[in-house]
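Here the structure is laid out as structure tokens; the discussion comes afterwards.
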Amino acid sequence: MATDPTPAVAADDSPAPESADPGTSEPFAEPSTVEPSGPSRPHWAFAALGVLIVLVLGALTRFLEQSVPEWAAGSALADVAAAVEYPVYAIALGLLGGLVISLTRLRDKVSGGFRTEFFIKTGLVLLGASINLSVIARAAGPAIAQALIVVPLVFFFTWWLAGRLGLDEKLRALVSSAVSICGVSAAITAAGAVRARREQLAYTASLVILFALPSIFLLPWLADVFGLSAPVAGAWIGGNIDTTAAVAAAGAIVGEEALQIAAVVKSTQNVLMGLVAVALTAYFTFRVERAPGAKRPGLGALWTRFPKFALGFLLASVVATWYLDVAGESGAAQIGVVTDLRTWFLILAFVSIGLEFRLARLREAGWRPIAVFGGAAVFNLAVALLVASILFRGFEV
Amino acid sequence: MSSETPPDSASKPNAPNAEEAEASDDAATPDEAGRAAVSEDWAAVVVGLVLLALVLIGAIPEGVIP
């Protein structure tokens, strides 16, 4: 999963060199360089300041989420205020905060504190406690089937489209992984597998966010327009939006049932990330770079790339299901506290998404990668809708 | 890192070492990012499960989380 906006983005704060065009197969005029002690390695105090910024904006999000409906009560905006969920405030405040830290030239220094991956994954482990194990068990079959159908289709479509538009082989692998599996996490994994350039990873991460942000609002709206049931909407969102944080945001906008199914589907897709990473490593080692004497990637590589938080998600569901069986009705209050904690971590992840978004990076690589990503996103939208509608028809949470 | 590149190889036009240096240079950051993602993966599991345990044993009661 997620997600997302990421350690990679956070760690990579220096702009790509002028000569580095990550979007094409043209060779780089000069090697890109990394400052040994520049903004890519922010001092811990600045990273702590970054965390503080995320926490303050998160607290403001929680305050607005709870207060705006009260302020608007009785006015013409009451219905709108009640309908606006916390992901909207969190992302909007994150984008606003990102603008402020850019203007004040603080962004490169504090971005080490924007730990989107950690926030979203912790939120998803806690989300596991809200999902009865039987739901995961029943949803696992269709979720695995959906992942096995949608991920290869989208991956190879993106691979083909990127080839047609002349993208560099490594950027091709990054974009294909990001669109088909789980956004930034997959891009990071693929970047390690194919030894991609730093600016290619940073660029792919920015593309993921560029497409994820509108999807958070577009897909819940389309799910409503299409009259999708909550499980189908959740499966569609989970199988379509790239970055896990955005999946959680869109799922939360649709509702709790959709969020649960979206999380199960996205977690299943994340598990496939290890397989794709191993396949990419083998492909680039033996076909693209033809490294002499290279070893074939084994089970160790698979385990290294396995998303461990999926285990936490499952374990939390097992523990909470057992706890509710033992404690009965009285246990619901404790699970409610876990849900509050989960909401906090998701808010922090959404704020971080907004803070990490950088429009400038997208101008660096031209239109072709954007066209590939856009074409793949539309293809993913259609395929995931078709497959989710079939596999999750009649599913009940 | 550029500082790790041997000066003689980097200064020669079309020297294969310069290109290799570039590749290893740039590959380092995604690898590092990958390791960071893996450790954040485990950190998320630990923090999430510890928080769950604290709530279930009553150490974080209702009303504490705003």
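Each residue, glycine too, has its Cβ placed from N, Cα and C.
The compositional bias 'Low complexity' annotation in TrEMBL covers A:1-22.
The region 'Disordered' annotation in TrEMBL covers A:1-39.
Listed by sequence, the residues of this chain that lie at least six past the ends of the transmembrane segment (A:44-64) yet keep a Cβ under 8 A from its Cβ atoms are 10, 86, 89-90, 93-94, 97, 101, 106, 109-115, 119, 343-344, 347-348, 350-352, 355. As annotated by TrEMBL, transmembrane segment applies to A:44-64 (among others).
Per TrEMBL, the feature transmembrane segment maps to A:84-106 (among others).
Sequence annotations record features per position, and here TrEMBL assigns transmembrane segment to A:118-137 (among others).
The annotation transmembrane segment is assigned in TrEMBL to A:143-162 (among others).
Annotated transmembrane segment per TrEMBL: A:174-194 (among others), in sequence order.
Per TrEMBL, the feature transmembrane segment maps to A:200-223 (among others).
Taken from TrEMBL, the feature transmembrane segment applies to A:235-255 (among others).
According to TrEMBL, the feature transmembrane segment maps to A:267-286 (among others). Note on the transmembrane segment (A:267-286): residues 1-2, 124, 140, 143-144, 146-148, 150-151, 155, 169-170, 173, 177, 180-182, 185-186, 189-190, 192-195, 238-239, 244, 294, 296-297, 301-307, 310, 313 of its chain, located 6 or more positions outside it, place their CB under 8 angstroms from a CB of the stretch.
Proximity of distant same-chain residues to the transmembrane segment (A:306-324), defined by a Cβ-Cβ separation under 8 Å and at least 6 residues beyond the stretch ends, is recorded for 1, 121-122, 124-134, 136, 182, 185, 263, 267, 270-271, 273-274, 331-332, 334-335, 338. For A:306-324 (among others), the entry in TrEMBL reads transmembrane segment.
Residues or ranges marked as transmembrane segment in TrEMBL: A:344-360 (among others).
TrEMBL lists A:372-392 (among others) with the feature transmembrane segment.
At the 8 Å Cβ cutoff, the transmembrane segment (A:344-360) and the transmembrane segment (A:372-392) share fewer than 3 close pairs (sequence separation 6 or more) and do not count as touching. Most Cβ pairs under 8 Å to the transmembrane segment (A:143-162), among the stretches A:84-106, A:174-194, A:200-223, A:235-255, A:372-392, belong to A:372-392.
Highest Cβ pair count under 8 Å relative to the transmembrane segment (A:84-106), across stretches A:118-137, A:174-194, A:235-255: A:235-255. The list of residues near the transmembrane segment (A:235-255) in space but at least 6 beyond its ends in sequence, with Cβ under 8 angstroms from a Cβ of it, reads 1-5, 85-88, 90-91, 116, 119-121, 123-124, 127, 142-143, 146-147, 150, 178-179, 181-186, 208-209, 211-213, 215-217, 219-220, 223, 228, 261-266, 269-270, 346, 349-350, 352-353, 377, 380-381, 384-385, 387-389, 391-392, 395.
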